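Have a look at the structure below, then the notes.
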Amino acid sequence: MIERGKFRSLTLINWNGFFARTFDLDELVTTLSGGNGAGKSTTMAAFVTALIPDLTLLHFRNTTEAGATSGSRDKGLHGKLKAGVCYSMLDTINSRHQRVVVGVRLQQVAGRDRKVDIKPFAIQGLPMSVQPTQLVTETLNERQARVLSLAELKDKLDEMEGVQFKQFNSITDYHSLMFDLGIIARRLRSASDRSKFYRLIEASLYGGISSAITRSLRDYLLPENSGVRKAFQDMEAALRENRLTLEAIRVTQSDRDLFKHLISEATDYVAADYMRHANERRVHLDQALAFRRELYTSRKQLAAEQYKHVDMARELGEHNGAEGSLEADYQAASDHLNLVQTALRQQEKIERYEADLEELQIRLEEQNEVVAEAAEMQEENEARAEAAELEVDELKSQLADYQQALDVQQTRAIQYNQAISALARARELCHLPDLTPESAAEWLDTFQAKEQEATEKLLSLEQKMSVAQTAHSQFEQAYQLVAAINGPLARGEAWDVARELLRDGVNQRHLAEQVQPLRMRLSELEQRLREQQEAERLLAEFCKRQGKNFDIDELEALHQELEARIAALSDSVANASEQRLALRQEQEQLQSRIQHLMQRAPVWLAAQNSLNQLSEQCGEAFSSSQEVTEYLQQLLEREREAIVERDEVGARKNAVDEEIERLSQPGGAEDQRLNTLAERFGGVLLSEIYDDVSLEDAPYFSALYGPSRHAIVVPDLSQIAEQLEGLTDCPEDLYLIEGDPQSFDDSVFSVDELEKAVVVKIADRQWRYSRFPSLPIFGRAARENRIESLHAEREVLSERFATLSFDVQKTQRLHQAFSRFIGSHLSVAFEDDPEAEIRRLNGRRVELERALATHENDNQQQRLQFEQAKEGVSALNRLLPRLNLLADETLADRVDEIQERLDEAQEAARFVQQYGNQLAKLEPVVSVLQSDPEQFEQLKEDYAWSQQMQRDARQQAFALAEVVERRAHFSYSDSAEMLSGNSDLNEKLRQRLEQAEAERTRAREALRSHASQLSQYSQVLASLKSSYDTKKELLNDLQRELQDIGVRADSGAEERARQRRDELHAQLSNNRSRRNQLEKALTFCEAEMDNLTRKLRKLERDYHEMREQVVTAKAGWCAVMRMVKDNGVERRLHRRELAYLSADELRSMSDKALGALRLAVADNEHLRDVLRLSEDPKRPERKIQFFVAVYQHLRERIRQDIIRTDDPVEAIEQMEIELSRLTEELTSREQKLAISSRSVANIIRKTIQREQNRIRMLNQGLQSVSFGQVNSVRLNVNVRETHATLLDVLSEQQEQHQDLFNSNRLTFSEALAKLYQRLNPQIDMGQRTPQTIGEELLDYRNYLEMEVEVNRGSDGWLRAESGALSTGEAIGTGMSILVMVVQSWEDEARRLRGKDISPCRLLFLDEAARLDARSIATLFELCERLQMQLIIAAPENISPEKGTTYKLVRKVFQNTEHVHVVGLRGFAPQLPETLPGTQTEDTPSEAS
């Protein structure tokens, strides 16, 4: 039998009055005896402190403070300690004979709060010879010792071999160790458990009936049916988990779509961007290479353009220089043409003026003759008029004389006046102031003679004038001609000069005749010279373009060579066109083929992805469509086999579930009907009675009872006989055994035990041999063991079933995948790799592009050579006909020579043209120049003077004649009028006068008209002379201007000048055109160079930027690739089919996915933030982080109890497989897990019955307990009425409330709480939740009401209350209750602690003086019967007869307070020896 653990001793170190005191504890009762203040309570306080070191619970008060809530501030502990380190230690021996020392180190904490610091510790493996005081003290001398600190204690124990020291930071750990080693009876897991234990100790210490315990006896006495509760909790948890799993499945079904949506959209979003970046990286690399190629090409082009620019600039400079000279030549030619035209116009004017002058000269000569004739006629008219005037005057005078004669006085007076007038006129005219009428006659003769002489002289001079005038006009004309030709000269030199001019004129005329031939010759030579110069220019240009100087003799050979080269290049160009066409056709075919392959590549890649997925899923590699179809047939066969095996495993699992369900019935009833029959018969199942049988005894009892192990034990068989009639709802064999269920044993059979078998003698003639079953199920332990093994088997079967179901689903899905693959991709999956073909074709395309580029360069060079050759041939075609000109080196000299001769001839022609008419006129009259009639003017003057003298003499003679004629009239001064002697004469005179006057009038009119005509003729002559002079001056001016022009104006001069100007204009135009072309070309070249420079800068910038971008992108791409590879998502993101989409398509795909993702992650803050961060186009790695975050988020949302993978994509596939199977399995599991309300009621009832039976057995132990008038103590256990109603409803009327228990929204606990509220609406549930209430209703303790009853005197059984009992009776009754509690705790803890440990039992009783001797004897008897230790504190007048007694006396010695302790054994004869602690009776322990 297992020995119970005991407390050996209590050690106090440095307590108030106890420096180092060890109290050896008795195995039953230890009594502390002493007066007030002796230290009894301090000793028990030290014990309690070591047992429960919880400052929140410890409160040591005396009886006067009982019930007080505010005692001393230190709660009684601080004042019981001395300053410094204090210890309280318990030395124990457990059932395993292990010595364990547990205790606490206490130390006062300085301050107003009077706190105490407590450190629990434990010592194991301490030898029996070592006393606790030796451990914690160090002897300094004979009378002094020092208390060790906890660290020093630890170091001291570490030096001892085999001793273990443990210090605890948690009271729970301290109590856990004490429970495991059997020091305390209950595992104190929480502060609530410690509080219960402390309340029990406190109730024991202060005695009496503790209201704190009696109010909660259920918590102290009734064990927490943790198994049932755990079963309920597990069932509910399983149901909850099942429902949560079902809900999770439903959520997962939606999550599946979310998974698909998230994965699809996230993959599209990230993969599109990933592939776009991959494509862009490739494109950027290609662009960088293209930029570099273009950069090199542009540099070459720029260099070529620079060379071309230099050549064109040089040529442009040459043309600019040539243009200046050509412009000067052209301007000179234009000016020369203008001069020639001006000279021609001048020449025309000169000729016109000369013709006009000749005409004017002729008209002038004619007019001179007309004027001369008119002058002569005027003179005649004047003479005639004078004669008529004279005749009229004479007639008038005659008529006057006649009338005077008739009238002497009048007439003579008139005559006299007239005579006087005539005399005065004669004096004036004749310049004779002394002239008198008498001398008039003489002077008349003189003057008449003078007149005659003047007339003769005038006639002579007139004759001379006529001859001189003819000679003078010829000489003057000839002289003027000579002066006009030669210029001013002396008149004497005119003859010689005229002859020289006539000779020179002949020569000049001969030279002038040679102008036209010379001009034609010069024009021809100049044309040849220009052609020679053009040929030289062409040759120089040809040599310049050819880059080599050629001799004239080499040109024909070069022409033939170029002709041959042109023919060869023409063939080459023609062949090049065909070759280029062939290359381009091949390139187009390649491009078309590549486009076709690029269109087919995504389909092929999709087929390959599907094929790879199939290969990964099935672990096979397929190389042909036939292998795929063959494997599909194998899949079908495998699916059939897996279905068969799954069905077999499912059947076995169902059988195991049924067996587990059968074995899980309450009370071990495999048939539910047995519980009903047991309740009906008022019996107990035999299996329930033996429910606590150990696993070792289970085979024996199973064989012992055999088929009757499911019997019902009834108190009286005779009472149920009638109930058996008509019983149908029962098993086929129903065994009934008569017996007391409370004290049933196996004595009903006669049994012989054999080896692993029994022989049961049922009757004299009937034996039964039963072997021990290999798997016994009799008793709870055996059933639990069997259920455990069945659960293990079920787990294996479930796992196998799940595996097989998964395999079947997987196989079916694989079959579907193969079917889809065959339907969609089989036709293209095993074709050649289009990407490999694309790579090969791209390589070939690159080769073709390179060949085309090379061909284009060669063709360009050939075309350039061809064009150069054609230009060379064209230039040579222009040059070859002019080779003779190029070879003619004297052409320029001949041109100069002819030019000189032409200049002379043109000079002669100009001389002839200018002076030819004068020379022609000079030639017939040149002879007149031999003598110069220079007296002509003098003669002309003499003639005029003679003519005037003759006129004056005539007038003088006439005036003198008139005076002479009127000489007689001078004498009539005194006379009268003379009368006429004949009237007829007067008449005749009058007639003649009228005729004379008429004649005079006519003469006057004729004179007047002739004078006007003469005046007109003179005016015409004057105008002609003026016109002649003017035109002569103009002619001279024109001739001078012509001479000033200095240009020979012949008939061909203008044509030659115009031809020269046009040639120069053509050359200038060509030069300008070429210059403009060069300028344009140069401008274009400069623009091209600028463009190339800008392009080059841009290319360099773009190349460097692209290179930097490529390098940066490479770093970013490396980071992206590293992140992709580290997270294992490359296979998800590198979707090769996306490589064939454009960047816009990929961006559109990514943007669409982004929009969908924004909606999908709108409720997820983390993914929303990561998604927002991933939208940065400059940080592509953030999209990978988002993808990883999505995968991580989906991994976290994957229920590992449903899906066995971390990959969300595989999770989707497994979801499809698992969801339907799990739904079915969990639905059936829920049906199996769901416990019926009847079963719950039965379980609670059975538990209540069992605990009632246990309480009755505890009551049997208290029946003999008596204290004073109390004869017996018992516990009364009743079921509450409201809860009994609940059990009845659960058992009999559960169908009425299935709306609660069949609801998937309510757990069983919540449904139970709802039912309780429905049945008891009057009860206020407060703020508690239905789940809390339901859990309380699942605890059977809440169904029971417990109260303590005592049998006291004549009152009989009544409720134990302090007011109804004496103090001693209350203490005894309370102690009895505490003993029941401790025993109940041990029974409850037996399942938790090892089977080989029986815990220590110890209670306290302070102030035991209230008990009488009989009551104390009862306590001693109770302790002995229950193997319990008891510490009693009693006054000095209490001396128990048994146990150990310590006498405590507090003394003061030398100002030092200490407690004197004397220990004695009990007075009973069986314990005569004195305890070791009593030997120091006279030697007090003193504190140093």
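Even glycines carry a Cβ here, placed using N, Cα and C.
Feature coiled coil, per Swiss-Prot, maps to range 1209-1265 of the set 639-695, 1209-1265, 1323-1379.
Of the chain residues outside the ATP site list GLY34, GLY35, ASN36, GLY37, ALA38, GLY39, LYS40, SER41, THR42, ALA1433, LEU1448, ARG1450 have their Cβ within 8 Å of the site's Cβ mean position. Here the compositional bias 'Basic and acidic residues' (1051-1065) has, by DSSP, the following mix of helix, strand and coil residues: 13 helix, 0 strand, 2 coil. Neighbour density for ASN36 (ATP binding site): within 10 A of its CB lie 10 other CB atoms from the protein chains shown. Away from its own ends, the compositional bias 'Basic and acidic residues' (1051-1065) comes close to residues 326, 329-330, 333-334, 336-337, 339-341, 343-344, 516, 519-520, 523, 526, 530, 906 of its chain (Cβ-Cβ under 8 Å, at least six residues beyond either end). For SER41 (ATP binding site), other Cβ atoms within 10 Å of its Cβ number 20. With respect to Cβ pairs under 8 Å, the coiled coil (326-418) is most closely packed against 977-1116, considering the stretches 509-602, 835-923, 977-1116. Across the coiled coil (444-472), the model assigns an average pLDDT of 75. Look at the Cβ of each of the binding-site residues GLY34, GLY35, GLY37, GLY39 and count the other Cβ atoms within 10 Å; the largest number goes with GLY39. Look at ASN36 (ATP binding site): DSSP puts it in coil. In the three-state DSSP scheme, SER41 (ATP binding site) is classed as helix. Around the Cβ of LYS40 (ATP binding site), a 10 Å sphere holds 25 further Cβ atoms from the protein chains shown. The 10 Å shell around the Cβ of ALA38 (ATP binding site) contains 24 further Cβ atoms across the protein chains shown.
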